[in-house]
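Chemist: My questions all concern the structure below.
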Amino acid sequence: MSSILHITGRSSVGNSALHQCQSPKRYIRRQRRRHSPVLQVGCNAIIGDQNESIATQFEEICKEVPKKLGAFYRFCRPHTIFGTIIGITSVSLLPMRSLDDFTTKVLWGFLEALSSALFMNVYVVSLNQLYDIRIDKVNKPSLPLASGEFSVATGAVLVLTSLIMSFIIGIRSRSAPLICALLISFFLGSAYSVDVPLLRWKRNAFLAASCILFVRAVLVQLAFFAHMQQHVLKRPLAPTKSVVFATLFMCCFSAVIALFKDIPDIDGDRHFGVESLSVRLGPQRVYWLCINILLTAYGAGILAGASSTKLFQMIITVFGHGLLGFALWKRAQQCDVENKAWITSFYMFIWKLFYAEYFLIPFVQ
């Protein structure tokens with residue numbers, strides 16, 4: 001009997017061991033269930049902390065991204081960006097003779113010119129901010145570098161990236177007029193801002209105005225017209241009445257922009273030794289000089305429109321220039337050059353007139 005019990009006991013123990021060996025998964029599950037309440041609480045706590053941390057980080061990113069985008073938007077000086085887009089688009093339309101000219105190749109050539117010019121535009125305005133941080137803390141404290149939203153290193157990276165992208169697109173286009181325009185813009189934009197001997201031309205009223213006038217009036221009209229007509233459309237370069245008028249009219253407009261932009265900045269310019277015309281002659285004189293230049297230009301625009309042989313184009317150009325001239329004269333009567341907010345608002349109004357002119361230029365034929 002004892003032997004039977006002994007054998008039975010051994011068999012029971014053996015079966016138990018065999019059962020554990022044959023069912024390891026079931027054994028592990030039983031062990032997990034035994035400790036599961038403690039482990040589950042610990043895991044839930046860790047997961048909860050991780051989720052909370054991720055949610056906090058995501059919320060911070062969602063708040064930070066719009067701020068950085070807004071800072072970059074201001075860093076690019078959007079009124080100049082809009083001027084470049086509208087100006088190049090208008091000038092690119094001047095060589096077009098019919099709807100047959102609007103091909104995929106022409107569109108691609110236009111986009112090459114526009115994108116490279118926009119990158120160069122960002123280079124010029126951001127380089128100026130990089131060298132004008134102290135002045136902008138007085139004149140334009142909301143700009144990203146002056147306010148501290150962007151570091152100097154960030155500004156330098158954006159300047160260099162814009163320059164490289166501009167030249168990459170220009171060189172890939174293989175357009176001599178476009179590459180020439182980019183090189184001249186690079187030189188004049190750098191000479192205007194970079195603070196080294198023989199440069200920093202913005203200190204001199206004549207050189208500063210010449211830089212802006214040459215780029216905005218001469219280069220934009222002639223170089224981009226030549227790019228579209230000669231490089232893209234493969235036609236002989238022959239200036240039209242529209243492009244000649246655009247060049248002369250924008251000489252007046254660019255001179256006004258160059259002079260007027262210094263009126264709101266007179267305090268910082270005077271403090272840091274920038275001899276702008278507003279510092280030398282006073283804001284009131286420069287203000288009325290700019291108004292008279294523009295009114296004279298609008299008078300010339302009316303005469304150019306009246307000389308058109310096509311009735312529809314004549315009506316558009318005469319009425320358009322007359323309306324813009326009247327709007328300028330009407331608003332100019334409310335002048336308050338001592339009020340910085342008002343004079344800045346009027347400066348932005350001049351840019352709106354600048355945009356509007358490019359809608360009239362294709363009708364001057």
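The backbone N, Cα and C atoms fix where each Cβ goes, and this holds for glycine too.
So TrEMBL lists the following for this protein:
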TRANSMEM  75-94  transmembrane segment
TRANSMEM  106-127  transmembrane segment
TRANSMEM  148-169  transmembrane segment
TRANSMEM  175-194  transmembrane segment
TRANSMEM  206-228  transmembrane segment
TRANSMEM  240-260  transmembrane segment
TRANSMEM  286-305  transmembrane segment
TRANSMEM  311-329  transmembrane segment
TRANSMEM  341-361  transmembrane segment
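How about a rundown of where these features are and what they're close to?
Modeler: Beyond the ends of the transmembrane segment (148-169), by six or more residues, the same chain brings 67-68, 71-72, 75, 112, 115-117, 119-120, 122-123, 126-127, 129-130, 133, 182, 186 to within a C-beta distance below 8 angstroms of the stretch.
Sequence-distant contacts of the transmembrane segment (206-228), counting only residues of its own chain at least 6 positions beyond either end whose CB sits under 8 Å from a CB of the stretch, comprise 83-84, 87-88, 91-92, 94-95, 106, 109-110, 113, 117, 175, 177-178, 180-181, 184-185, 188-189, 191-192, 237, 239, 243, 246-247, 250-251, 253-255, 257-259, 276-277.
A Cβ distance under 8 Å defines the sequence-distant neighbours of the transmembrane segment (240-260), meaning residues of its chain 6+ beyond its ends; these are 90-91, 94-95, 205, 208-209, 211-213, 215-218, 220-222, 225, 277-278, 286-287, 289-290, 293-294, 296-297, 300-301, 304, 347, 350-351, 353-354, 357, 361-362, 364-365.
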Chemist: Can you find at least 3 Cβ pairs under 8 Å between the transmembrane segment (286-305) and the transmembrane segment (75-94), where each pair is 6 or more residues apart in sequence?
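Modeler: They are not in contact.
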Chemist: Grab the same-chain neighbours of the transmembrane segment (311-329) for me: Cβ-Cβ under 8 Å, and only residues 6 or more beyond its ends, written as numbers and ranges.
Modeler: 291, 294-295, 298-299, 301-302, 304-305, 353, 356-357, 359-360, 363-365
